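Written below as structure tokens is the structure these notes are about.
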Amino acid sequence: MVNLLDFDVDGLVAWFAELGEKPFRARQVMRWMHREGCDDFERMTDVAKSLRAKLAGSACIRAPEPIRDSISTDGTRKWLLDVGNGNAVETVFIPETSRGTLCVSSQAGCALDCAFCSTGKQGFNRNLSAAEIIGQLWLANKLLGAARDAAPDLEKDERDNGRIVSNVVMMGMGEPLANFDNVVTALRLMLDDHAYGLSRRRVTVSTSGIVPAMDRLRDECPVALAVSLHASNDVLRDQLVPINQKYPLRELMGACRRYLERAPRDFVTFEYVMLDGVNDQDAHTRELIALVRDVPCKFNLIPFNPFPNSPFRRSPAERIRRFAGILLDAGIVTTTRKTRGDDVDAACGQLAGQVRDRTRRTVRLATPMEDRR
Ligand code: SAH
Ligand code: SF4
């Protein structure tokens, strides 16, 4: 069975051509799938009956299945999704007054092993398919939409363009640029008017700094870019973000400048996790200011979110304020990320895809593979 969520529009048009079907038919099905959240060919009423039957026999529309749904006291919602073979990934929805942001995972685990990251500590399992990546947005719209339909006024001001998810950030589990092709297929769907129609500035890829892939993204699908900087010099960054040993800061800054030639925003967002006594001193701000001198940027300081057995502590609030103040004084727009959803382990760096509810999982794993994927 071909999963139609694996195709971007061009891919679906090509696959339809193999079936002897016209491009406009592919676009029609695309809209049913992504705009209407429809996964049943029979309900695609303006699609010819013969085509519906053909599709039902050879294709499916299948997102990963949620195995847990947690809602934080601050409204942040986290889904644990089954991606087969005992792997699970997490998707987080963060409602705010003027937007709703979905934080999407790109890999089960991550191979890059940043010192402060819970996903990194679990090691790398595998890349998610395009269907598993876009399936997170597909599912969130469906599940959040169901809540909205049940109470029409709920979250009314939290939506933009009539959609509940107005922004997507590739900041869940995994390094998006290490799963380049599948991530780009999913990004294209996020942007396409036949699918989600989000503007490029509302879709953000966050990378730990895989330089050649940053150049490819710029050429193939420039969306807003966030770079996980976390250190002001190579000695420190080599330890905190080991990919720095391969692509050191000088090269990373070059890639940022090149990216901005095509980016939908005229700045890069540097993410900087605040680790008590490690990277949060005044001297680090001075190095940072010199480092980013010719890269138009904003800083987003992330108070470290602890997880079991991590050797770090969060910088005190006063330290974070002072750090931000120095950057601001140097003319760099600096924000501090509010910690959201930490009561359900949904905050940055806490996503580990843990499966706590073993019972339900055992039941699920007992169903035959063919029925699942
Ligand atoms: N792999 C990508 C995207 C996922 S991580 C990347 O590294 O950019 C999203 C952000 O959360 C990154 O900036 C990451 O460095 C940060 N992060 C990871 N662990 C964290 C933790 N324990 N506390 C706070 N932020 C963390
Ligand atoms: Fe991977 Fe990003 Fe975590 Fe580093 S911070 S281990 S790149 S998910």
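Placed from the backbone N, Cα and C atoms, the Cβ positions cover glycine too.
The number of other CB atoms found within 10 A of the CB of Glu90 (active site, proton acceptor), across every protein chain shown, is 25. As annotated by TrEMBL, active site, proton acceptor applies to Glu90.
Taken from TrEMBL, the feature domain 'Radical SAM core' applies to 96-343.
Neighbour count (other Cβ atoms within 10 Å of the Cβ, all protein chains): 26 for Cys117 ([4Fe-4S] cluster binding site). Under the heading [4Fe-4S] cluster binding site, TrEMBL lists Cys110, Cys114, Cys117.
Residues annotated as S-adenosyl-L-methionine binding site in TrEMBL: Gly174, Glu175, Ser206, Ser228, Leu229, His230, Asn305. The Cβ neighbour count for His230 (S-adenosyl-L-methionine binding site), using a 10 Å radius over every protein chain in view, is 25.
If you look up TrEMBL, you'll see Cys348 marked as active site, S-methylcysteine intermediate.
Of the listed binding-site residues, namely Cys110, Cys114, Leu229, the sparsest CB environment within 10 A is found at Cys114. Cβ crowding, taken as the number of other Cβ atoms within 10 Å, peaks at Ser228 among the binding-site residues Ser206, Ser228, Asn305. When the binding-site residues Cys110, Cys114, Gly174, Ser228, His230 are ranked by how far their Cα is from the Cα of Glu90 (active site, proton acceptor), Gly174 comes first. Closeness to ligand 1 is met by Cys117, these being the recorded positions among Glu90, Cys117, Leu229 whose Cβ falls under 6 Å from the molecule.
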